[in-house]
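Novice: One structure follows; several queries about it will come next.
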């Protein structure tokens, strides 16, 4: 097949759901979408959970959706990547972890593990801590100390006790590990250069300074009695019977920071890894020759080893089109412009050769329910001029409305948003067809399909419903088990282009 131009049209936040109540997609008058759906081959795609590299059951979002679509493969997010490595056993063979453990065995020193002790799944997951304890046991590391950062933000504000009880039970079961300090994340995980907070955590871990308690649960009990919840627990030291700290970080020790999200892990990591650190005076007991491990790549400014190194996304659709000398256009309004450029290109800022970009300003309104059409008409007018000029072989287009207005949790404006997009969709697709081209009409995740719950409450979050895909080419059959990663291979199939090995998605065309 060799169709040109091929337009990949992403209706942001537009998924399919049988229940019409609270469903702006179902209730909207959308003659163009319905016409294409009835006339052309169509299917539903999974756009959530493990199909897009997230934990099972987790709703997709625009960043993840565009990453997967543009990459033509499942792009595993950090949480899922680590979970999978534990499940498949690679975690326990990770060279960086083993280096840290060998370091302390050779030096006769201690392994310190710190991070956010919860299952919030935003910055960390307690299961990753458990896996590290299991690994320490396997590797026969004798002295393992945990410095627990307490959450209270991505989980309940007073939930720390349940996590600490579970952790104590896990350490007892394995016969490995001891809690040495506890810190509210407000201190240990600051990201705004409030170094006085980070210093309190540092001094607890290195100097054994701070409120002292004989057990972790005493820290929690005392904090709650003083109306201090998990996030704000003052960095506290757990002591032995003789009043000495259970452990402090010393020369030749190793540290593993098990948070996977970088932003709140950078500052604490800089304290221990950077020779020219200027945030505060680390004092003469600054530990030397510490083997420091970051779970993921935190920042160029952190001089530690990385256990799960970044995966470079080579041969995304944009790069493949450039290599095969196809001209491409990326077009969206402000709200979704980064998605059709940076995220679609696998985290690359600069355009590929032969790639043109058009940014249309989003309207300046407080909230988009006040202007549900947003800038869809302006995007469409600009695109129709481009199609008429025959400049591009491939067009990547995003209509932001169903998602951005859907976030309002207001049904009527979201219906209007879907109707405006449908009007624009008709103009664009008909112009593409008139040029002898083909359109792939799809979405990145759900939202407008459930704006109000069955109980009548506003629903502002994304949904896990499947998204549509229509290929405007009669006589084709589409697979029913597709995912977002299959869209780029489908575009290449329509163009008659070659699919690279890195793209593990499969064309939807049977």
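Numbering starts at 1 and runs along the chain as it is shown here.
Just so you know, glycine gets a Cβ as well, placed from its N, Cα and C.
If you look up Swiss-Prot, you'll see 62 marked as active site, phosphoserine intermediate, on the strength of sequence analysis. The Mn(2+) 2 binding site annotation in Swiss-Prot covers 12, 62, 444, 445, and the record cites sequence analysis as its basis. Residues or ranges marked as substrate binding site by Swiss-Prot: 123, 153, 154, 185, 191, 261, 262, 263, 264, 336. Among the features that Swiss-Prot reports, Mn(2+) 1 binding site is placed at 403, 407, 462. Residues or ranges marked as phosphotyrosine by Swiss-Prot: 36.
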Novice: If the Mn(2+) 2 site is taken as the center of the Cβ atoms of 12, 62, 444, 445, which further residues of that chain fall within 8 Å of it by their Cβ?
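Specialist: Other same-chain residues near the Mn(2+) 2 site: 10, 13, 47, 60, 61, 65, 66, 336, 339, 403, 443, 447, 462.
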Novice: About how far apart, in whole Å, are the alpha carbons (Cα) of residue 445 (Mn(2+) 2 binding site) and residue 403 (Mn(2+) 1 binding site)?
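Specialist: Cα of residue 445 (Mn(2+) 2 binding site) to Cα of residue 403 (Mn(2+) 1 binding site) measures 9 Å after rounding.
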Novice: Return the count of C-beta atoms lying within 10 angstroms of the C-beta of residue 445 (Mn(2+) 2 binding site), excluding that atom itself.
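Specialist: Other Cβ atoms found within 10 Å: 27.
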Novice: Which of these binding-site residues is closest to residue 407 (Mn(2+) 1 binding site) if you go by CA atoms: 12, 123, 154, 191, 264?
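Specialist: Comparing Cα positions, the closest of these binding-site residues turns out to be 12.
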Novice: Just the number: how many Å between the Cα atoms of residue 462 (Mn(2+) 1 binding site) and residue 262 (substrate binding site)?
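Specialist: One finds 24 Å between the Cα atoms of these residues.
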Novice: So which recorded positions out of 12, 36, 62, 403, 444 end up within 10 angstroms of residue 262 (substrate binding site), measuring C-alpha to C-alpha?
Specialist: none
Novice: If you count, for each of the binding-site residues 12, 154, the other Cβ atoms lying within 10 Å of its Cβ, which residue has the minimum?
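Specialist: Comparing Cβ neighbours within 10 Å for the binding-site residues 12, 154, 154 has the fewest.
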Novice: Given the binding-site residues 123, 191, 264, 403, 444, find the one whose Cα is closest in space to the Cα of the residue listed as 'phosphotyrosine'.
Specialist: 444
Novice: Which is it, of 403, 444: the one of these binding-site residues whose Cβ has the most other Cβ atoms within 10 Å?
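Specialist: For the binding-site residues 403, 444, the Cβ with the most other Cβ atoms within 10 Å is 444.
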Novice: Between the Cα atoms of residue 154 (substrate binding site) and the residue listed as 'active site, phosphoserine intermediate', what distance do you get, rounded to the nearest Å?
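Specialist: Each residue's Cα considered, residue 154 (substrate binding site) and the residue listed as 'active site, phosphoserine intermediate' end up 21 Å apart.
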Novice: Between residue 191 (substrate binding site) and the residue listed as 'active site, phosphoserine intermediate', what is the CA-CA distance rounded to a whole number of Å?
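Specialist: Rounded to the nearest whole number, the Cα-Cα distance is 25 Å.
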